[in-house]
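Working notes, beginning with the structure itself.
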Amino acid sequence: MTINKNKLTTSWGAPVGDNQNSMTAGSRGPTLIQDVHLLEKLAHFNRERVPERVVHAKGAGAHGYFEVTQDLTKYTKADFLSEVGKRTPMFIRFSTVAGENGSSDTVRDPRGFAVKFYTEEGNYDLVGNNTPVFFIRDAIKFPDFIHTQKRHPQTHLKNPNAVWDFWSLSPESLHQVTILMSDRGIPATLRHMHGFGSHTFKWVNAEGQGVWVKYHFKTEQGVQNLAPDVAAQLAGENPDYHTEDLFNAIDQGDFPAWKLCVQIMPLEDANTYRFDPFDVTKVWSQKDYPLIEVGRMVLDRNPDNYFAEVEQATFSPGTLVPGIEVSPDKMLQGRLFAYADAHRYRVGANHNSLPINRPKAEVNNYQRDGQMRSDNNGGSSVYYEPNSFSGPTETPHNKPASYEVSGAADSVAYDHDDHYTQAGDLYRLLSVEERERLVQTIVGAMKPVEKDEIKLRQIGHFYKADPEYGKGVAAGLGLSIPE
Ligand code: HEM
């Protein structure tokens, strides 16, 4: 059969006679329902959108590869890290968190840093941010937290009262708030920022021995940020500034790259470290656990189609491969449910068989059917287990490593409450000018808050991190430090 790419067809492949004039009863008569080509066009158009991501709705993506530069097989049996020089294709999606799909790129917000590695042992997703910590440390607070970042139910406006009320009543947010309000809160481009896995994960080697691990992607372009006035101007002039920059850089062959490093903690240290290493509001000191290089990620290909590749991409912290496991981090545990659930709702039950999400590794299981099943659905192969027909079988050596748990089932917080030391350490690390800009940004962001009670409570947190920090914000807001 000859294929004529220039011949316009219906979605069923039949040639279209007229794509400019709908069929009417006479030249001035009503439109005829028998014009099924018109009906199909209008109906399909109505269905062009899938629900946008409830968070991280605005994003940009790129393809690339990951190459191992150092042998860490003593820590993990993950196949894609098994030898120096090994390359694995990957896809990344960068995003802002709070804005809608059409919102501006240059706002003050953490940036999502979601990486999908198409390994030979299945997909591995590392769904992190450009910050090493997060605002909260228990998944049960996430919906409330995000409500404060989104629009007010009546005014449909962003609401600084809710933002600072929540943060001031959730002092575990202080570390991330300090990062967000610092110069790093608005990256110059998506290429000029680091990425982090943020959570603690577990690596397990071929002997079944585990270590705790944290991931750091170090930008080879250097860290660069936007001054708030430049960012505000760009937000108006070119809301897609970061999206455009990434696309153009790759298009011009200026391929951005990151070094992937890890921090490794022996399992037993988790019981004695000076805070709980699973608490995602804390960083591990690099003096205690230095960065070890693993490999290099290079982005060298733009998506061919935004919707197919970026909008339909589904990343989940639970998409893991043998050798990489979860930790008891209470946020990570909640995320293991939230993402796959969002994907089934947003993209559909068979989202993982779409080309952008489909593993390069072979998929063999007993799942069948469901909406939009677009592969051969397992064909005539055996569709249940156990069976006597040589269906795929489990590989017990790929079970996650077992680990001891103890204690009563209960709703409990992490057992340490020092939300101040690390935020204060970060403040003290900044230069005088950086501190001034930090305080200025916070003052600007807190000014619209109506209740002094909220401002004073938050100033108290800044003060506990570093008295100078608290005093600076208080002075900027014309308030005196609370008792
Ligand atoms: C996206 C939930 C914490 C990074 C999402 C989505 C949901 C979600 C439902 C949309 C997924 C989709 O529609 O495809 C949660 C919950 C959290 C949490 C319940 C806490 C319990 C975090 C943390 C990080 C993070 C701590 C980073 C360290 C991201 C990123 C995306 C995302 C990067 C966008 C992924 C993409 O590009 O498709 N989150 N999140 N989230 N989240 Fe979270």
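Backbone N, Cα and C atoms are what each Cβ position is placed from, and that goes for glycine too.
Caution: TrEMBL annotation is automatic and unverified by curators.
In TrEMBL this protein carries:
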- 1-25: compositional bias 'Polar residues' (COMPBIAS)
- 1-29: region 'Disordered' (REGION)
- 9-393: domain 'Catalase core' (DOMAIN)
- Tyr339: heme binding site (BINDING)
- 368-380: compositional bias 'Polar residues' (COMPBIAS)
- 368-403: region 'Disordered' (REGION)
Query raised in the report: Near the region 'Disordered' (1-29), which same-chain residues lie under 8 Å Cβ to Cβ, leaving out any that are not at least 6 residues past its ends?
Result: 35-38, 40, 44
Report summary line: For the compositional bias 'Polar residues' (368-380), the DSSP residue counts stand at 0 helix, 0 strand, 13 coil
Query raised in the report: Long-range same-chain neighbours of Tyr339 (heme binding site), Cβ under 8 Å, sequence gap at least 6?
Result: Val127, Thr314, Phe315, Ser316, Pro317, Gly318
Query raised in the report: DSSP says what for the region 'Disordered' (1-29): how many helix, strand, coil residues?
Result: 0 helix, 3 strand, 26 coil
Query - Arithmetic mean of per-residue pLDDT over the domain 'Catalase core' (9-393) - result: 98
